[in-house]
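J.: First the structure, which I've put down as structure tokens, then a few questions once you've had a look.
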């Protein structure tokens, strides 16, 4: 009797990748260098960022760190950084390196597993787009659960798609490991993300028993949620510090893709078109973006990069590529917006950072805009090197120039918590207002051994601030600083 044919894969077969030229390989290496340089730059000197990172580091320094596995791990790593340099921000280095490793691991597993679904070339371009994002790489520079949650949820998402495409292989163990990682970082978001991903895979890819087995794995984030609770304000997203700020989440995700605006516009148009035609891969991408948006998962900006990267592959491969006007129009619009943004930003930088600071900001803006212009020239001249290289390098070099040239001028004002804590001679119970603008003071005051109280009535010292233009306010200890952009005077007073 003839053997029954088994349907192993439900995905559309991808075309064979084109051979890479030595010039393109050099471009990949140079992009990797720029990305890693920007990712690792100044990890040991950056003051804790307001909001989630400050809350996360403070929790890891407190006696309550045993409530969270990640905070407990941070607490074990603090002495390693402090041994390097106790007078700088090196104490935060190794917790931040966890986020670096998580972000790099996300890229590795995305290339390995998503490449089997969408093709290695398309995913390679997608990872270049993710690296050129102005937003996603930031989470590799902060000691928060966000990067680890991205690793867990992205890995689980790709494994679910593989489980639907190749039903003969067992993905339970790796899927469980990624759910564990996501659960440690963001248990509630991971639980809902995992459920939504499994249901989407079952509805769009069919199958039977393997989905029920995968559903049992959701007990992992559920147990973690019951044992340690959600990370809350210690995470920027994933239903953490801003669980209802969906508009802000979408805005940041889209703004981060500005260097690739034309490619993203064409990609979203292509996804909508192919979903209407019933293409399975586009339906899965759209469902993944929907689940990522619902759960405030950084999988959303990662999938936006995948959408843009696929268009980079198709633009010069298909003779009758249908969305050229979308790519070109979006790139020109971005060029105009980038010029206007650079003009206003430099106007502000000229007032805030006179002299060398202004020249540093000018160099960053010039690099970003010139490479964006090269990308537009490449699109209209059908020059693949210019169009791809300009779009990608504008984002990567813009971010690198920011950390190398511009950020040091911010750091001189942002390090007010460290300077203020060092001026406290008599360590009395201190009250820090429950607001993210004051949150950077929490880990520094706790590290300095200053008792922190949550009830202002039990405090002897109170942290306050006022605008630099206010000449009437005063405090016993005063110091100038900044909250990201805004300059203020910070002080400790007794009443």
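Numbers here mean position along the shown chain, with the first residue as 1.
From the backbone N, Cα and C atoms, a Cβ is placed for every residue, glycine too.
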J.: Match it up for me: which of 26-43, 44-61 does TrEMBL list as transmembrane segment?
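T.: When 26-43, 44-61 are checked in TrEMBL, transmembrane segment belongs to 26-43.
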J.: What range among 249-272, 417-440 does TrEMBL describe as transmembrane segment?
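T.: The listed stretch tagged transmembrane segment in TrEMBL is 249-272.
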J.: From the ranges 93-111, 454-472, pick the one that TrEMBL records as transmembrane segment.
T.: 93-111
J.: Please identify the range among 69-86, 123-140 that TrEMBL labels transmembrane segment.
T.: 123-140
J.: Residue list, the transmembrane segment (26-43) vs rest of chain: Cβ under 8 Å, 6 or more residues beyond ends.
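T.: The answer is 20, 92-93, 96-97, 100, 103, 124, 128, 131, 137, 140-141, 385, 389, 392-393, 396-397, 399-400, 403-404, 407, 411.
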J.: Rank 123-140, 147-165, 249-272, 358-380 by Cβ pairs under 8 Å to the transmembrane segment (93-111) and hand me the top one.
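T.: So the stretch in question is 147-165.
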J.: Answer yes if the transmembrane segment (147-165) and the transmembrane segment (326-346) have at least three CB pairs under 8 Å among residue pairs 6 or more apart in sequence, and no otherwise.
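T.: Answer no: the transmembrane segment (147-165) and the transmembrane segment (326-346) share fewer than 3 Cβ pairs below 8 Å.
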J.: Ranking 171-199, 249-272, 284-306, 326-346, 358-380 by the number of C-beta pairs under 8 Å to the transmembrane segment (123-140), which range is first?
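T.: By the under-8 Å Cβ criterion, the transmembrane segment (123-140) pairs most with 249-272.
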J.: For the transmembrane segment (171-199), find every same-chain residue at least 6 residues outside the stretch whose CB is under 8 Å from a CB in it, and list them.
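T.: Result: 69-70, 145-146, 148-149, 151-153, 155-157, 159-160, 162-163, 211, 213-215, 217-218, 220-225, 228-231, 235, 238-240, 287-288, 291-292, 294-297, 299.
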